[in-house]
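As given in Swiss-Prot:
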type: ACT_SITE; residues: K175; note: active site, proton acceptor
type: ACT_SITE; residues: H294; note: active site, proton acceptor
type: BINDING; residues: N123, T173, K177, R295, H327, S379; note: substrate binding site
type: BINDING; residues: K201, D203, E204; note: Mg(2+) binding site
type: MOD_RES; residues: P3; note: N-acetylproline
type: MOD_RES; residues: K14; note: N6,N6,N6-trimethyllysine
type: MOD_RES; residues: K201; note: N6-carboxylysine
type: SITE; residues: K334; note: site 'Transition state stabilizer'
Amino acid sequence: MSPQTETKASVGFKAGVKDYKLTYYTPDYDPKDTDILAAFRVTPQPGVPAEEAGAAVAAESSTGTWTTVWTDGLTSLDRYKGRCYKIEPVAGEETQFIAYVAYPLDLFEEGSVTNMFTSIVGNVFGFKALRALRLEDLRIPVAYVKTFQGPPHGIQVERDKLNKYGRPLLGCTIKPKLGLSAKNYGRAVYECLRGGLDFTKDDENVNSQPFMRWRDRFLFCAEALYKAQAETGEIKGHYLNATAGTCEDMMKRAVFARELGVPIVMHDYITGGFTANTTLAHYCRDNGLLLHIHRAMHAVIDRQKNHGMHFRVLAKALRMSGGDHIHSGTVVGKLEGERDITLGFVDLLRDDFIEKDRSRGIYFTQDWVSLPGVLPVASGGIHVWHMPALTEIFGDDSVLQFGGGTLGHPWGNAPGAVANRVALEACVQARNEGRDLAREGNEIIREAAKWSPELAAACEVWKEIKFEFEAVDILDVV
């Protein structure tokens, strides 16, 4: 990088530019239990040594700047600086390496994902000395976790609210995502819930557009779910999207949902922002609302392997900020999601203590110290033939969400919901009897279809539908 060009200054310090590694590369440093630890995938510009690039990441995401400043003498740099304490090669990649950086906890505001990300994934990602930079994982120390409320309710409380146990929950996104009137939208909600689904969902695009204003949608959807509850004897929900252009409008929608007595609202947490999300999560806990989270815009940030931020980091951030559900990919559907990587961040969402496991992309052991868990939502291009794989991959503590796989049924919405509920119950029963869902899945579905004409029709429609493309973001070859 820049050569050392120090000159004497009359104020008693050496002005100029010096290599970052002199201050911020500390291979002998032993990280503290209270440090936030980060694993960065670094691709430096040609000629930039790994140690200098790693130190630059630590500096520019903590206390450093491009030149020596006299106010450095007014603080304790050793107390507040980030430290690159380890450099690790990436198998099969000569131009990349993993830089491990430790950040003192005092650098971050308590209970603020916004502040944490502003430092760790801020201006450093535009640093010219780096060709690319990706945040692969974070270790959030117990001391910082305890400053967050986390999910409004968590997995067990949600099951108790819904009185549903021993199986994944079933959902459906109402389609077409845009253009329906509020009354027709409510009709679709009613038909899906009556047919056996636990939830229906606003699409992430649905806020308050001219064809369907939010208040009208909320009213018709509430009417639909209460009618379906009365007919089925089951508790039902519809994810009413409270996302809005301002936090004030978002909260107005959440308050109206609470007044209607519905069980759950929804937020687009990346486009809406972490400050808005945490605000809404606190309201939901205080007022008994579940909170469904959509991750719209995540792939802009996390899909490319050498630059951006891995979704496991966004998942950890969401658990801290607050949400009871979050979309997590399907492994088998139309959206990006390699199996081992997906299972890794599903563990980070649901479990209380997760060991380091590089085979699943987990760089650090994470202790959530009883912060409530988040239900992963599998959604996007899935249908009844995927049910055995989804049940086997995600287990009971998940939401399986079939949009086109419900509303695309040749007989209508309610039969589409029936087909999915029958397929799910068949898979859960087969699993409980000790059958191998991965090996016998298709046979289990065929057997169930003999007793359900709705399922048989769905099986016929989607028997040839597959999404067989290789994932872009895959684990490094060791």
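All positions are counted from 1 along the displayed chain.
The backbone N, Cα and C atoms fix where each Cβ goes, glycine too.
Structure coloured by features recorded in Swiss-Prot.
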{"residue": "N123", "record": "substrate binding site", "DSSP class": "helix"}
{"residue": "T173", "record": "substrate binding site", "DSSP class": "strand"}
{"residue": "K201", "record": "Mg(2+) binding site", "DSSP class": "strand"}
{"residue": "H294", "record": "active site, proton acceptor", "DSSP class": "strand"}
{"residue": "H327", "record": "substrate binding site", "DSSP class": "strand"}
{"residue": "S379", "record": "substrate binding site", "DSSP class": "strand"}
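Among the recorded positions K175, K201, D203, H294, the ones whose Cα sits within 10 Å of the Cα of H327 (substrate binding site) are H294.
Candidates N123, T173, K175, K177 (recorded positions) were compared with H294 (active site, proton acceptor); none lies inside 10 Å Cα-Cα. Of the residues the record lists as binding substrate, namely N123, T173, K177, R295, H327, S379, the two whose Cα atoms sit farthest apart are 37 Å from each other. Those same-chain residues not listed among K201, D203, E204 yet with C-beta within 8 angstroms of the centroid of the Mg(2+) site C-beta atoms are T173, I174, K177, D202, N205, V206, Y239, N241, M266, H294. Local packing around the recorded positions K175, K177, R295 was summarised as the count of other Cβ atoms within 10 Å of each Cβ; on this measure the leading residue is R295. Between the listed binding-site residues, namely D203, E204, the fewest other CB atoms within 10 angstroms of a CB are found at D203. Around the Cβ of T173 (substrate binding site), 24 further Cβ atoms fall within 10 Å across all displayed protein chains.
All chains included, 25 other C-beta atoms sit within 10 angstroms of the C-beta of S379 (substrate binding site).
Neighbour list (K201 (Mg(2+) binding site), Cβ cut-off 8 Å, at least 6 residues apart, same chain): G171, C172, T173, I174, H238, Y239, M266, H292, Q401, G403.
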